[in-house]
Amino acid sequence: MSPSDVPINWKRNLTVAWLGCFLTGAAFSLVMPFLPLYVEQLGVTGHSALNMWSGLVFSITFLFSAIASPFWGGLADRKGRKIMLLRSALGMAIVMLLMGLAQNIWQFLLLRALLGLLGGFVPNANALIATQVPRNKSGWALGTLSTGGVSGALLGPLAGGLLADQYGLRPVFFITASVLLVCFLLTLFFTRERFQPVSKKEMLHVREVVGSLKNPKLVLSLFVTTLIIQVATGSIAPILTLYVRELAGNVSNIAFISGMIASVPGVAALLSAPRLGKLGDRIGPEKILITALIISVLLLIPMSFVQTPWQLGVLRFLLGAADGALLPAVQTLLVYNASNQIAGRIFSYNQSFRDIGNVTGPLMGAAISASYGFRAVFCVTAGVVLFNAIYSWNSLRRRRETLAAK
């Protein structure tokens, strides 16, 4: 039997992709705890200037990722997903190394933008697994894969803070580059893909991509859902520590309590995502998506009325369990509605919407809290998610009616 006849071991690829998403998630979040401190070390002084530059270096990565994702997705559909994973991991490793050598804030800002341009490991990992896994296991596989990035993002800040305290700020960037290099090597030696390159002339143009979708309006609604999920998550991030301090009063361990409450949704998502993904394979990802959105609304509203940090922590844990089902359900529905030929671009478009949400959410949360107080953020966010639940339900209902008419 020739190598081309040997079946792809998608379970091994899933394991390697999970490790890759874990390492990239950890690498991205390793530097987050001390980002403002590094900005200050690069010569930025004054409260206002420090806030402005910290916000810029944080958000510029997502902005440039949103711009670049469709290009990399198209290239993945032409050249293959594995090569895009390798490009992303190696490119980010080099940029992280250079960040540790930055001498001024402008160099650092440019490198943060370059990090966004060269990213894309997670959407390409999703596209690779989505095109290899059996359709009846898509929900479980994509749910499991999502826990890789979540796990890395949970452990990254803790490890980054400890490493920065032990070795200083710059060495953490070098350690992060090493982590990404390990990700590159794992992908290079253990990921298998059988891909027939497509010439540029044979590639579908954007209109043809839209025309090839089984339900373009539904796919657009899924992109919007991804954006709103990130807006809802990000809107709470800027005010969480301050809200916890307001609830807790004068306590000595406010940082620890805030850290715990910030991390519990991720822990809950780790536990729920594979299980709810598997349930979605049985009963349909549509039901999982709508149910999780409605539960999210019902949990966000009481968050504005809690009286203690622990009440907030319990509600955020339950919210994390519901949120763990959302992105895998969206990705599974994207798999159902797009062919393998355009999977790279569809997942990259979805990533662009996710990045826009990552930028928009914190801005929305900060603006609402400045005008109306912390508690209003939860009510407005609940309203946004409720709108999305109704919009998604309507899009899915129309899809069912279209299928019934056929």
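Even glycines carry a Cβ here, placed using N, Cα and C.
Features reported for this protein in Swiss-Prot:
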type	residues	note
TRANSMEM	16-36	transmembrane segment
TRANSMEM	56-76	transmembrane segment
TRANSMEM	90-110	transmembrane segment
TRANSMEM	113-133	transmembrane segment
TRANSMEM	144-164	transmembrane segment
TRANSMEM	171-191	transmembrane segment
TRANSMEM	222-242	transmembrane segment
TRANSMEM	254-274	transmembrane segment
TRANSMEM	288-308	transmembrane segment
TRANSMEM	317-337	transmembrane segment
TRANSMEM	376-396	transmembrane segment
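Most Cβ pairs within less than 8 Å of the transmembrane segment (222-242), among stretches 16-36, 56-76, 90-110, 171-191, 317-337, belong to 317-337. Using a cut-off of 8 Å between Cβ atoms, the transmembrane segment (90-110) and the transmembrane segment (317-337) share fewer than three residue pairs, counting only pairs 6 or more apart in sequence. Away from its own ends, the transmembrane segment (376-396) comes close to residues 217-218, 221-222, 224-225, 228, 231-232, 235-236, 239, 286, 289-290, 293-294, 296-297, 300-301, 303-304, 364-365, 368-369 of its chain (Cβ-Cβ under 8 Å, at least six residues beyond either end). Sequence-distant contacts of the transmembrane segment (288-308) (same chain, six or more residues past either end, CB-CB distance under 8 Å): 139, 225, 232, 247-248, 276-277, 279-280, 315-316, 318-319, 322-323, 325-326, 329-330, 333, 375-379, 381-382, 385-386, 388-389, 392-393, 396. Below 8 A, the CB atoms of the transmembrane segment (171-191) and the transmembrane segment (317-337) form no more than two pairs separated by six or more positions in the chain, fewer than 3 in all. In terms of C-beta pairs under 8 Å, the stretch of 16-36, 144-164, 254-274 lying closest in packing to the transmembrane segment (317-337) is 254-274.
Proximity of distant same-chain residues to the transmembrane segment (144-164), defined by a Cβ-Cβ separation under 8 Å and at least 6 residues beyond the stretch ends, is recorded for 14, 17-34, 37, 122, 125-126, 129, 171-172, 175, 263, 266-267, 269-270, 273-274, 277, 324, 327-328, 331. Same-chain neighbours of the transmembrane segment (16-36): 50, 54, 57-58, 85, 88-89, 92, 96, 99, 121-122, 125, 128-129, 144-157, 159-161, 163-164, 169, 172-173, 175-176, 179-180, 182-183, 186-187, 190-191, counting only residues six or more beyond its ends whose CB sits under 8 Å from a CB of the stretch.
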